[in-house]
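Trainee: This is the feature table in TrEMBL:
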TRANSMEM  25-45  transmembrane segment
DOMAIN    25-212  domain 'Membrane insertase YidC/Oxa/ALB C-terminal'
COILED    65-94  coiled coil
TRANSMEM  102-121  transmembrane segment
TRANSMEM  133-153  transmembrane segment
TRANSMEM  173-189  transmembrane segment
């Protein structure tokens with residue numbers, strides 16, 4: 001089912017776009033990656049806008065929230081803890097903050113799309129036998145792997161710059177893990193995949209820049 005309804009449409013689209021560009025599967029990968037990112041961009045910008053609004057609300061309630069959390073740490077009484085938990089939930093409601101709605105939906109929507117595109121690229125026999133620029137799309141290319149890892153490192157640094165101070169520690173770790181994973185995977189995969197990751201990473205850099213310009217005070 002996943003193959004027929006998700007992967008195959010991307011396989012057909014890659015073949016069609018490659019045909020338009022004189023059998024250039026490298027261009028086809030870039031075009032379809034950017035097209036998918038562009039379609040999802042309004043959703044991602046809305047998510048960023050909502051997260052900024054949520055952050056402002058959290059900043060407004062932080063002093064009171066910290067006070068409640070400190071009282072919860074100090075008390076051993078179960079009834080008192082339940083009372084403080086109710087007080088905390090009331091504080092969330094008062095400020096219009098829902099801890100369960102922190103932007104998971106866009107990730108849920110994106111995952112099957114990008115997994116399908118990944119498998120369409122990885123399993124394509126046509127892509128494996130074509131070249132693009134200096135590299136064969138079906139062979140591993142060290143330079144392309146380094147480019148993809150570097151792009152994701154830059155993207156993670158851009159995301160970190162506007163992150164709340166309390167989240168920066170974990171985000172710094174993730175900012176290193178992500179490009180390292182991309183680099184390692186790229187060194188063990190046909191170069192079509194780091195090309196796909198590099199195109200997507202460049203788009204994310206532009207999207208992050210636009211998000212900050214539009215919605216960061």
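Cβ atoms are placed via backbone N, Cα and C, with glycine included.
Describe the structural context of each listed feature in the structure shown, including burial, neighbouring residues and relevant distances.
Mentor: Away from its own ends, the transmembrane segment (25-45) comes close to residues 10, 13-15, 17-18, 106, 109-110, 113-114, 117, 121, 124, 126-127, 130-133, 137, 192, 195-196, 199-200, 203-204, 207, 210-211, 214-215 of its chain (Cβ-Cβ under 8 Å, at least six residues beyond either end).
Across the domain 'Membrane insertase YidC/Oxa/ALB C-terminal' (25-212), the model assigns an average pLDDT of 81.
Sequence-distant contacts of the transmembrane segment (133-153) (same chain, at least 6 residues past either end, Cβ-Cβ under 8 Å): 25-26, 29, 127, 175-176, 178-180, 182-183, 186-192, 194-195, 197-198, 201-202, 205.
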